[in-house]
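Visitor: One structure coming up, written as structure tokens, with questions to follow.
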């Protein structure tokens, strides 16, 4: 057992934390075609290994070779490590993983003397709260509505290979493997990635593998909706190209997907982003619409939702509906409460609950996502919602002060994997009107653990946590990511 200060220092509790147009060629054979980012190892891999007894551990690839089923299986084992199990078995693995997370959280919370966490959990389970049964995904295969494919050297050494990464940069065995065999990626995404690779292999420009080594063509992002519409976003490093040369490249890729071999993808829209960074927002480097519709739309919980190129939207649409219904039930919002939606993305959670509450206040960092939320509210005739663009730690404290009129507030937070900023936690803790908090996490350890400790610990003047502590009542796992180890965990706190 760790000493309290030793562990909490780990989680940050005691610290602040020559340019040519495409020409028709015979496209490569399907076996030569299609990448993204493999998930990192977590302690839940231990559970997966137990379900794969008898299988010898596979060595990391030490050399490149032709693409065959072994490469595809290696990638599948990294990106979708549960793919060999039936879905029922996958759910059992995930439920046990969530149980272990709560058991570990319980041990950390009990380090505080006299720290009462909850009375709802069965003592025999040694959990920090009541753990509800896992809610399965309505769609098991091809459920992703967004996929990001990388460009790098494939097993055959070709640097213009589009797919997902296998290996690590540290071990110098990184290789890009086509991902059309992965169970969680829809055929449309794989098709667009395949034809992007066809285009790259015809292009005289080199891919940008490392920024300082030059090259231009970078990753591809594909977004789709349930109506079959497809948006593609190509990232491009301009290096020293002139504006005239950049225009030639944009026209080239546009023609390829409108009238060339890529026309079979039937794209609804094609975006082009010039980026000199690993990731760029629209404000840092605007998404340039080469052709088609500027947005993609989705039908969700009776709402027509607008989605911009870089707006956050849950990658499993059918699963997201189950998630949002769960959040609605746990929140207990009514006509006398205000719903505060922090890290709201396109605003779907708040908008779907707007008819049950007096007002919805949404905060989101990505400005385009806030514009989408406002459009969705107006289109669907929702008038009791306000959305604010910016950093939650800067907006929330002042927003809460303006709402100190005695009306109860229900807060919903859905942060990125990095968790909530400590100033956001302070604002929530110190706002007496917030008596119910719903916390959604796809990574319920690390920074999320720190957030939970700060929400539930006794008052701490040094950390400016002056309000009454929250009590963790229950957790509901919702599976949005079949075949992977990941799962959304929805926490309910009250005080």
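Every residue gets a Cβ built from N, Cα and C, even glycine.
Okay, so TrEMBL annotates it like this:
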ACT_SITE  442  active site, nucleophile
BINDING   314, 364, 414  S-adenosyl-L-methionine binding site
DOMAIN    334-412  domain 'Methyltransferase'
Visitor: Would you list, in sequence order, the residues of this chain other than 314, 364, 414 that have their CB within 8 A of the centroid of the site's CB atoms, where the site is the one recorded for S-adenosyl-L-methionine?
Guide: 312, 313, 343, 344, 345, 346, 348, 349
Visitor: Looking only at the domain 'Methyltransferase' (334-412), how are its residues distributed among DSSP helix, strand and coil?
Guide: 32 helix, 22 strand, 25 coil
Visitor: Can you tell me the CA-to-CA distance separating residue 314 (S-adenosyl-L-methionine binding site) and residue 442 (active site, nucleophile), as a whole number of Å?
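Guide: Given the Cα positions, residue 314 (S-adenosyl-L-methionine binding site) is 11 Å from residue 442 (active site, nucleophile).
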Visitor: Between residue 442 (active site, nucleophile) and residue 414 (S-adenosyl-L-methionine binding site), find the distance joining the two CA atoms and give it rounded to the nearest Å.
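Guide: Approximately 9 Å lies between the Cα of residue 442 (active site, nucleophile) and that of residue 414 (S-adenosyl-L-methionine binding site).
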Visitor: Over all shown protein chains, what is the count of other CB atoms within 10 A of the CB belonging to residue 442 (active site, nucleophile)?
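Guide: Around the Cβ of residue 442 (active site, nucleophile), 17 other Cβ atoms lie within 10 Å.
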Visitor: For a quick check of packing: other C-beta atoms within 10 Å of the C-beta of residue 314 (S-adenosyl-L-methionine binding site), how many?
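Guide: Other Cβ atoms found within 10 Å: 23.
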Visitor: Let's check the environment of residue 414 (S-adenosyl-L-methionine binding site): how many other CB atoms sit within 10 Å of its CB?
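Guide: So the Cβ neighbour count for residue 414 (S-adenosyl-L-methionine binding site) comes to 23.
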Visitor: What same-chain residues, at least 6 away in sequence, bring their CB to under 8 Å of the CB of residue 364 (S-adenosyl-L-methionine binding site)?
Guide: 312, 343, 344, 345, 347, 370, 373, 387, 388, 389
